[in-house]
Amino acid sequence: MPPPGKVPRKENLWLQCEWGSCSFVCSTMEKFFEHVTQHLQQHLHGSGEEEEEEEEDDPLEEEFSCLWQECGFCSLDSSADLIRHVYFHCYHTKLKQWGLQALQSQADLGPCILDFQSRNVIPDIPDHFLCLWEHCENSFDNPEWFYRHVEAHSLCCEYEAVGKDNPVVLCGWKGCTCTFKDRSKLREHLRSHTQEKVVACPTCGGMFANNTKFLDHIRRQTSLDQQHFQCSHCSKRFATERLLRDHMRNHVNHYKCPLCDMTCPLPSSLRNHMRFRHSEDRPFKCDCCDYSCKNLIDLQKHLDTHSEEPAYRCDFENCTFSARSLCSIKSHYRKVHEGDSEPRYKCHVCDKCFTRGNNLTVHLRKKHQFKWPSGHPRFRYKEHEDGYMRLQLVRYESVELTQQLLRQPQEGSGLGTSLNESSLQGIILETVPGEPGRKEEEEEGKGSEGTALSASQDNPSSVIHVVNQTNAQGQQEIVYYVLSEAPGEPPPAPEPPSGGIMEKLQGIAEEPEIQMV
């Protein structure tokens, strides 16, 4: 049996045609394309005189429909769109076969449980597959031939000496300056330019950039009783230790807004923040009035206000409730029909309960003089073991980000004390697994199993806990940066999740005058 994550690529594949009721099967892509091309020729050109007469009668109403099973694609533009689409079905069939082989090689994994009827729904594809390798620009309608063509560029690429380093291969894609130690790495890199996928789920049809991501797709559907790896920060569970490590990186902030103090874990989060908080651009405009907004969701909510009749009505028998917005009808379902009137939010200071998070936010700000974290527009709440949502008391900042903050001038920040390197030393708390610069795609076969409810890693990246303290009058805010390991000392051995590190940290935070964000 191959190692975990490896796909046994076979020469002979089981490629079954799904055009209409056709049951043709072959083992090579060349024969498969030759067969499907015959379907396309017959479908596009026809063979009877009656079809030709109908075509002459209604030349403007010609449609190019795909007859592949469970596919509703129809092109009104040209037959070329249909040809590219159907050829992608052929390529997709091969990827699903590789996905099936991958599952068969993993005895511990079951099948995908998502909708089988979506297995042949493929994404929108470009007008043509264009190679942008230097001095090439060949164009293809067939994705299989396109990806093989680009792969040939990587195999024919010559090694070049760059400075004092060993010879490398250069990516010749337009606008790319990447270099690689060998051709195999260049070949993998080119997939980021072509958006090539190498495996697909045989059940739901989802396509993936590598086999590891496909197997993760299956593992994420594991039943809850088999998800043995739990995040100590948000209590989510995962089937493997690596999935937990990937998830925990989302809790560590690596990026800071250049215009305010907001920090976040992902570049996409920073882009969204910049668009919503610092940009006045409102690209989504209402056709009925002068209203404009920054995202499609807000526009859809606004359009509901133009409807004379309520757009949503309750489906429950004998209930006449109606509403203009989706938010209102969902709130009605929760409160009236799902029994969601019990308070779910609890103040961690005085134990007062609330049914909505924004009511708890008002309570924390007015009753206990809590402040929003600098640069953040709201509080975050976390579900605890008793089922109540309480204020999230810990925020993780990477060491690199905190050092960047320390280098910035502290004038006008409102801090009661100045921050320097000496104030950060000597306090050992804990390490959080995960490297901020880790590649998004891992090598195949690196998925691993573990036996504990916490993640571990040979080289965990240092993390800083940011603790905001506010006095009883709410006059001053002091920020303490706590290093995860003391300078000059080896990192402490990781403790099990029940070892009390997080409990001690939160115990300190739950004092009335402490706010941990």
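Cβ coordinates come from backbone N, Cα and C, glycine included.
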Worksheet item: What range among 229-251, 390-412, 413-435 does Swiss-Prot describe as zinc finger?
Response: 229-251
Worksheet item: If you check Swiss-Prot, which stretch out of 44-68, 169-193 is marked zinc finger?
Response: 169-193
Worksheet item: Pick from 199-221, 475-497: which range does Swiss-Prot record as zinc finger?
Response: 199-221
Response to the item:
the zinc finger (199-221) resolves under DSSP into 9 helix, 4 strand, 10 coil
Worksheet item: Taking 15-39, 199-221, 255-278, 284-306, 312-337 as candidates, which has the most Cβ pairs under 8 Å with the zinc finger (129-153)?
Response: 15-39
Worksheet item: List, by number or range, the same-chain residues at least 6 past the zinc finger (169-193) whose CB is under 8 A from its CB atoms?
Response: 132-134, 150-151, 153-155, 157-160, 162, 209
